[in-house]
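Participant: Pasting in a structure now, in structure tokens, and then I'll have a few things to ask.
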Amino acid sequence: VGNYKRTVKRIDDGHRLCNDLMNCIHERARIEKVYAQQLTEWAKRWKQLVEKGPQYGTVERAWCAFMSEAEKVSELHLEVKGSLMNEDFEKIKNWQKEAFHKQMMGGFKETKEAEDGFRKAQKPWAKKLKEVEAAKKAYHAACKEEKLAISRETNSKADPALNPEQLKKLQDKVERSKQDVLKTKEKYEKSLKELDNATPQYMENMEQVFEQCQQFEEKRLRFFREVLLEVQKHLDLSNVASYKNIYRELEQNIKTADAVEDLRWFRANQGPGMSMNWPQFEEWSADLNRTLSRREKKKASDGVTLTGINQTGDQVAQPNKHSSSLSVQSNTVQSVQPSYNPFEDEEDTGSTVSEKEDNKIKNVSSYEKNQSYPTDWSDEESNNPFSSTDANGDTNPFDEDTSPAMEVRVRALYDYEGQEQDELSFKAGDELTKMENEDEQGWCKGRLDNGQVGLYPANYVEPIQ
């Protein structure tokens, strides 16, 4: 009796499970949205980096194809998010509203109907069961009283102090107890028989209500299965034709990368095949008849055509790939950034790549396509390609007094803010590397720890002991 409450509770659980499934789908939709946004941001950032970086030609287009893939996949995941929320989520919400009807006093109509149905079907049988329990209790009490009366009578026979009247009362008590046992037993058996006769009808009525609950639950289970299959279809991008086309197109773009073609293009546009501005005879001009100091020379060369390659180890001449001849600003010194391996840093510090990419995003490449290079040179300059020992690992046969560059660590004594693009800026106490000794104008060439190379006043620093 009362165990039908487990079946009734299942109706309330069905309503709660609808909420759980909606929450589950909502969280997955939010994940899809965040992933799509991250893909878009990643594609935008890296597309700019690759376009500005030193990579060129068909390999650059193949590399950029990954960013195009990310943008397209991002759109597909946004569509998945829309399908989950606009179709699956709404479908569950509407079905729940139609299947469960709230009452004014709380609870659901379906729960109350099931509760009333079970209670009505069980009430007659529960009443008879109660009668059986009462008859059983009466019968057991009569049996206990009979046993006690017999025990007293037996003990009285052995007691000579009892008179015949007392003995007669004890015998009458035993007789009455036996009659009570017979009556209560008969009533007990009768109530049991009535209960047994009512049991088939009781089972039929209870099962009828139970089947109604089963049918209601079957609708929910089938609906859940249907919704889960639709969610699976929305999540399964492998069966989406456009998704397959994205990676088919990506593969084609990568396979179109041609090293021979890129090398041919670079030779024609940035190498020996490019148009050259060879020195020609020039008439004397009074405006040019003055000696320029090294400092003035750097400022005066405003725009010249590149005729040599500056080999400084980390830097390689990489002008704009879309022009046949290159004009550069000679007073611009591009900072050289150290190579960046995000996976090595991740192993050393336990940090993720995403935590560091904002701080090290400029370290992806050591230079950019539109980088400017100094074009002036002399035998005394350390950046002379014909006097550098880094060009081919050997001494320059045309330079008699070539000596290796000496680098000295120095510390800034005062703050200095660079006035030109080729000047360094630092604070008092900063350390840097002096690459060349002081010139006639009192300037030194140095390199900051972040890789930036430029000029600075010699009297603003002191050697580190």
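A Cβ is built for glycine as well, from the same backbone N, Cα and C atoms used for every other residue.
Annotations for this protein, taken from TrEMBL, read as follows:
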type: DOMAIN; residues: 1-262; note: domain 'F-BAR'
type: COILED; residues: 167-198; note: coiled coil
type: REGION; residues: 293-404; note: region 'Disordered'
type: COMPBIAS; residues: 307-340; note: compositional bias 'Polar residues'
type: COMPBIAS; residues: 362-375; note: compositional bias 'Polar residues'
type: COMPBIAS; residues: 383-395; note: compositional bias 'Polar residues'
type: DOMAIN; residues: 405-465; note: domain 'SH3'
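Relative to the rest of the structure, where do these features sit?
Facilitator: Regional average pLDDT for the domain 'F-BAR' (1-262) in the model is 92.
Residue counts for the domain 'SH3' (405-465) under DSSP, split into helix (H, G, I), strand (E, B) and coil, are 3 helix, 28 strand, 30 coil.
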Participant: Quickly jot the same-chain residues contacting the coiled coil (167-198) by Cβ under 8 Å, restricted to those at least six beyond its ends, or write none.
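Facilitator: Here the qualifying positions are 124-125, 128-129, 131-132, 134-136, 138-139, 141-143, 145-146, 148-150, 152-153, 156-157.
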